[in-house]
Amino acid sequence: MAATAFHQAIGSLQSHECFHGSGFHLESQNASVSLVSRGFSVEVGLLRGGSYCSKKKSFSVIQSSSSQTAVFDPVLSPSNKTTNDSKKKSNEAALILIRHGESLWNEKNLFTGCVDVPLTKKGVEEAIEAGKRISNIPVDMIYTSSLIRAQMTAMLAMTQHRRKKVPIVTHNESEQAKAWSQIFSEETKKQCIPVITAWQLNERMYGELQGLNKQETADRYGKEQVHEWRRSYDTPPPNGESLEMCAQRAVAYFNEQIEPQLLSGKNVMIAAHGNSLRSIIMYLDKLTSQEVISLELSTGIPMLYIFKEGRFIRRGSPVGPSEAGVYAYTKGLALYRQRLDEMFQ
Ligand SMILES: O=C(O)[C@@H](CO)OP(=O)(O)O
């Protein structure tokens, strides 16, 4: 049956259990508490104030697809019995968010924004480690920013995936690019994961801070001013984007392009940046503009959400493919993990 141990176990996790795990934290205790208790009404206020108004529209667009993989993965499912089950649509989908691994400018403590800087060796290792953590979670589509550090992270992470599907960058920038990158085998297509690059998921544009040293900037303009530029919701850095401005394009893109995929049951991974992901998490977790100030993301730590009945349920950061860790708060899930490992031994 489609109702696998993974489903049951994941479904029985309580939301308060999702706050464990690294990669995502709110510094204030109060903020964490309000996260789990906050209702939809706050979000509506936020939506009205900002430009996330396409949510309603995007929810009405339901695409159908036969190539989706359910949140439980038939290949990885302990029962692994029927092909019918594998075709059955799930009303759940996994959403993995991952901030890129350490970049060369993270290492040098420079404001980076939209400057296109690659990963360090440590960043490469972080991306591979991230891939191990999510290697059991099915991925049907990948979205990255147009910046190389996010793309490297996505690709390196996918080298660790158990399904061994091939991530293929989609080239829609011109008719010729589309035509010249076509795949003519349906069988091969099924073994591919489309990778869509979107500038809307880029890091916030840091304006005249790009290339400056963060410490030196704090020494010059004061710690408080620099903190406000870096973490506040609506104060833009000089000639750059505030988090609010970044959200206007990143969340709109999420609403218009990514949510319809989740609604159709596709499992999606997004590899992006500290601030573009902060704005998306603010939307997913219904954070207020005060709460988001304390939201910090580590490099190369994946975070999992389950999209179910129009809601995003945060599951935290998978510790590893076979470690009980964050997921193992229920017996059923621990058992599923154990069976999975036995299957692949
Ligand atoms: O420099 C940047 O682009 C970002 C992310 O590294 O910095 P911050 O920590 O200020 O968001």
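Placement of Cβ uses the backbone N, Cα and C atoms for every residue, glycine included.
Source: prediction; values computed, not measured.
Around the Cβ of HIS100 (active site, tele-phosphohistidine intermediate), 33 further Cβ atoms fall within 10 Å across all displayed protein chains. Annotation source TrEMBL lists active site, tele-phosphohistidine intermediate at HIS100.
Non-local neighbourhood of GLU203 (active site, proton donor/acceptor): THR112, GLY113, CYS114, SER145, LEU147, CYS246, ALA272, HIS273, GLY274, ASN275, SER276, each in the same chain, at least six residues away, with C-beta under 8 Å from its C-beta. Taken from TrEMBL, the feature active site, proton donor/acceptor covers GLU203.
TrEMBL lists 99-106, 112-113, ARG149, 203-206, LYS214, 230-231, 274-275 with the feature substrate binding site.
Residues or ranges marked as site 'Transition state stabilizer' in TrEMBL: HIS273. In the three-state DSSP reading, HIS273 (site 'Transition state stabilizer') counts as coil.
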Coarse DSSP state, helix versus strand versus coil, of GLY113 (substrate binding site):
coil
Candidates near ligand 1 among the recorded positions GLU102, GLY113, GLU203, judged by a Cβ under 6 angstroms:
GLY113, GLU203
